[in-house]
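Participant: Please read through the structure below; I'll follow up with questions.
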């Protein structure tokens, strides 16, 4: 059995596999694999988390398992997922581990690994960990145990790294920025980065209590940020998700700037334009058309930052991302980093001396509707003939004018129904029709 999904191991806390007992076994299994593959007698792992209350329990269990396997652990505390990736490299660790369920509600949690290079752990090592989980847990001789220490300057190290990706001769002195931290991992470091670069920062949702992460805030709920930017007379707004690997922005008029807009800015407005951009099957057709006009290459990957990264490496490109706000700039960071992505947009604003809304003038997304159909149990929509017939009928209706995309979430029991086309009302009607078809078939199944 494989416990690893598209983004590590994820689920509801207290239910397998997100339990303290499993986390202990996982830490031990991962520790045994790392000891076999490490040139060091006692390899080092860095361990961080977001602000979920359950993260503290999982952290204790994981570090106990790792220590029992003879691995040293550096505890980083609550920090963005990309910070863990960076510090894995900066501290010369053999691996990094993040406890987070990203944009999911507080009752979910997850565990994912980074390699020593700060990238997602190779599938081969995940498979080795899976095999090790089938074995009995046994304790090393006391002299061979590892131990855990807390890294007290982890926040400062990451803040300085983020600032290093912003041109040293630029500053943000003339900008007022509203930052929505989603009560998540960037609640402290996020506002600090922009303040230290000179911006006047209004911080929102930066008081995590362990249960309020992503609750009606952050990149998945930007409505209050849009309102706050206008109320504060700010130049722009920035919203992270719970682990700060996603970012969306808001211009001074309260208009949403999503991942497609950000990719458009980085690909067409920056001084150093990339050779190509990787989007996903969810990327708006308007982005593809705009990049073609700008003579910038464009390819689509499957949904998920690991697939975007894979396509970037295959093409030798550095810029890619998703409409949800996962933005990769591989010349700056090894993984999607919300703070660094926002800094790259701010760099373009400063170098062009333009407001955020001016950078997207003339770029208009095709009407697109995404309906998330939450189910009691996951099903494969393409295994049901009646649904396939509905999908085919919709594709024929939009032929040459739009597209549909029906896919299963890799992290939760959700079917995502996306419809895109040149007629907004038609798109809305068709998306709801297909979502209702999925719901009705799920009840039958």
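The backbone N, Cα and C atoms fix where each Cβ goes, and this holds for glycine too.
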Participant: In Swiss-Prot, the Mg(2+) site includes 241, 243, 245. Which of 102, 115, 383 does it also list there?
Facilitator: 102
Participant: Have a look around residue 241 (Mg(2+) binding site) and count the other CB atoms within 10 A of its CB, chains all included.
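Facilitator: Result for residue 241 (Mg(2+) binding site): 33 other Cβ atoms within 10 Å.
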Participant: What is the separation, in Å, between the Cα atoms of residue 241 (Mg(2+) binding site) and residue 102 (active site, phosphoserine intermediate)?
Facilitator: 7
Participant: How many Å separate the Cα atoms of residue 245 (Mg(2+) binding site) and residue 102 (active site, phosphoserine intermediate)?
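Facilitator: Rounded to the nearest whole number, the Cα-Cα distance is 8 Å.
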Participant: Sorry to bug you, but what's the C-alpha spacing from residue 243 (Mg(2+) binding site) to residue 102 (active site, phosphoserine intermediate), rounded to the closest Å?
Facilitator: 5
Participant: List, in sequence order, the residues of the same chain other than 102, 241, 243, 245 whose Cβ lies within 8 Å of the centroid of the Cβ atoms of the recorded Mg(2+) site.
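Facilitator: Sorted by sequence, the hits are 50, 80, 81, 100, 103, 184, 185, 240, 242, 244, 246, 338.
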